[in-house]
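Report on one structure; see the data block that follows.
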Amino acid sequence: MPPVLVDLPRRDFDPGDQSREFWVQWKNPGDVFSVLLILGGDVVARALAQLVGSGITPVAFSFGWVAYAVSAVVSAFGENKLMPLPDTSCKVINAKWGHTRDNTSWIIGRIVRDYDVWKEEDVSEHLKTMLDAKDRCDREKANKEVPGSGDSLRYPIRVGLCVSIYKAGEAQVGTPGYDFVYWLGFGISALQLGIAAIPCGVFGDWGIFLITVAGILLSYVTGSLPQWKEEKWACRVKSDKDVILTRGNGSQHAILILGNRQGFDLEDLAAGQTNIAVSAPMKTRLALTGLAALWILLLITAAGIKKNTWFLLAIGGVGILQNIFVAGKMRYPRAYGIPLTFVEVIGLPKVMDTLFVVEKKYPCAGANMINTFFPGGNLRDNDQRTWDDLARSATARWKAWKEGRIEPS
């Protein structure tokens, strides 16, 4: 029996075929924008957390909005909240009673995270003086032990503890902090519309302009839900509590904020964002579900655009740059509705010495930081005796100071 010959289809050898496919793709990238729309939802969430509060939230239309819209529905139904958890951990201590809690507020987390930017120049100068003194002391000590060894020591990066004291100003619920970060969003949206108008005016391609307008409207509507404000400022106002903010043991700074019946109850705020009392109501969940459906429809529509797609990518690229900038931008406390007035800074090379001075000037505040900076409570005998003496007069000193008979200098 003769062998069976299989006639395989032959393909022409054409090395340039792949080059032409690459050229077509790079000339008009297909389906890329629709894919990018489902990436980067976490960036959008943080940008929203930064700016929400007022009726209009200018977070630009960008890549990641579809992913965020879907995750927001899951969060609203599953976790009963919209606001993301803070990206910086810190402790919130009641200066009078010593109650300590882990922070869950986005606002407080960002205030502590950004402290190096907004702290007063006096604090920076005082810390520099402390670091210089420690540097000299370390070098002298090393040179006494081994001559010349002190010259190779590195400059210290931290020393002791700096406690900065501020007075709270009038609380401003619902302010998005009308600063450059806020107004930039409107400028970016206008730029996006300008880019979208180019293919519409030059080629008559109005599809990209339609996608852009719809995306901007959906972005602004998503950020304007009232639930954002309820969660972001979930606390009482007109508080007279004195509160300490710090990253915890080993941190260089602690911030003592004196309440004077004007500011937020920061102890409330630290726990309020995850409080069931401000969980997303059913109307918010339904609104988010509807918005997520519209975002998905926009994604499907965008996938149908085959021409002039570089304009669409430019629009999304500009938007995501704004989102990244807003999400990471360091801001002052007043941008979150917490204006603060600087009073003074207390800092010594030894943490315990700093706490002694704070306790004498601001009764109970120093003592209530012991467990944070000296966990375990195993103090030296002389330090323990000093604290025992201060504890016996703490109540009387606190009342006298609060009534104004002893004013912090």
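Note: Cβ is positioned from N, Cα and C throughout, glycine not excepted.
Noted in TrEMBL for the protein shown:
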- 55-77: transmembrane segment (TRANSMEM)
- 180-198: transmembrane segment (TRANSMEM)
- 204-223: transmembrane segment (TRANSMEM)
- 286-304: transmembrane segment (TRANSMEM)
- 310-328: transmembrane segment (TRANSMEM)
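For the transmembrane segment (310-328), the list of distant contacts is 28-29, 32-33, 36-37, 40, 43-44, 46-47, 50-51, 59-64, 181, 184-185, 188, 191-192, 195-196, 198-199, 208, 211-212, 302: same-chain residues at least six beyond its ends, Cβ to Cβ under 8 Å. Counted as Cβ pairs under 8 Å, contacts with the transmembrane segment (286-304) are highest for 55-77 among 55-77, 180-198, 204-223. Among residues of the same chain six or more beyond the transmembrane segment (204-223), those with a C-beta under 8 A of the stretch's C-beta atoms are 48, 51-52, 56-62, 65, 69, 72, 189, 192-193, 195-197, 288, 291, 294-295, 298, 301-302, 304-305, 307-308, 311-312, 315. Long-range contacts of the transmembrane segment (55-77) within the same chain: residues 33, 36-45, 47-48, 176, 182-186, 188-189, 192, 212, 215-216, 218-220, 222-224, 228, 280, 284-285, 288-289, 291-292, 295-296, 298-299, 315-320, 322-323, 326, each at least 6 residues beyond the stretch ends and with a Cβ under 8 Å from a Cβ of the stretch. Residues 50-51, 57-61, 208-209, 211-213, 216, 311, 314-315, 318-319, 322, 325-326, 329, 331, 335 of the same chain lie 6+ residues outside the transmembrane segment (180-198) yet bring a C-beta within less than 8 angstroms of a C-beta in it.
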